[in-house]
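A.B. asks: Just lifted these from Swiss-Prot, have a look:
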type     : residues     : note
ACT_SITE : 66           : active site
ACT_SITE : 138          : active site
BINDING  : 62, 135, 138 : Mg(2+) binding site
DOMAIN   : 20-149       : domain 'RNase III'
DOMAIN   : 175-244      : domain 'DRBM'
REGION   : 223-249      : region 'Disordered'
């Protein structure tokens, strides 16, 4: 299938080609085989409405992209959190690759504007349907992997996904206190102590400041709307410091 056959007439063709060119410039990714890029954004409804054309939908690419995404995210988490248990790694990965997270990424990159949809799917709001956008994101990852291999996929995620992990966008699924405890116990360093340093604000909107220490040495300070949340944030800060020190050794 030539890329020219993917669009009905010259006007639509050139408009769509221009969109895909702008998209590649914007994300600093340039496909060698642009057919894979177009396929990643081709919904089955579009193929069904053009049965006489040799179009391919994105479902197989989605299948591949799902596996590639899990692998690359797993590698990143494995390296970043050396003290995290298998169970917590699994929970965190699940939060990153779940539908709402992928939809958010697809929106951020304006994937919906590029999707090729059948008229029926378009009329029923398919372009904004969460499941469709999540599938397109996975298909794009699959297409990029087939086109260029694993390294460019990791580079793409390094720009658009890994910073969100570093910024704690998925920390709601993580138990930092348990991780810190495991890290400390593993090295036989003693017992952790948590202390509330400060609390302020009205009863309905309290803010707490917590300190976590080890043998009298302050490891981390955190704030939160509850004592538990403040302690979790203190543990998160302490864990980040200790892991950074650990990797330097």
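Cβ atoms here come from the backbone N, Cα and C positions, even for glycine.
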A.B. asks: Starting from the Cβ of residue 138 (active site), draw a 10 Å sphere and report how many other Cβ atoms land inside it.
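C.D. replies: So the Cβ neighbour count for residue 138 (active site) comes to 24.
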A.B. asks: How long is the line from the C-alpha of residue 135 (Mg(2+) binding site) to the C-alpha of residue 66 (active site), rounded to the nearest angstrom?
C.D. replies: 9
A.B. asks: Cα-Cα, whole number of Å: residue 62 (Mg(2+) binding site) versus residue 138 (active site)?
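C.D. replies: Taking the Cα atoms only, residue 62 (Mg(2+) binding site) lies 5 Å from residue 138 (active site).
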A.B. asks: Taking 8 Å from the centroid of the Cβ atoms of 62, 135, 138 as the cut-off, which other residues in that chain fall inside it around the Mg(2+) site?
C.D. replies: 58, 59, 61, 63, 65, 66, 134, 136, 137, 139, 142
A.B. asks: In the region 'Disordered' (223-249), how many residues does DSSP call helix, how many strand, and how many coil?
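C.D. replies: Tallying H, G and I as helix, E and B as strand, the rest coil: 22 helix, 2 strand, 3 coil.
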A.B. asks: Look at the recorded positions 62, 66, 135 and tell me which residue has the greatest number of other C-beta atoms within 10 angstroms of its C-beta.
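C.D. replies: The residue with the densest Cβ neighbourhood is 135.
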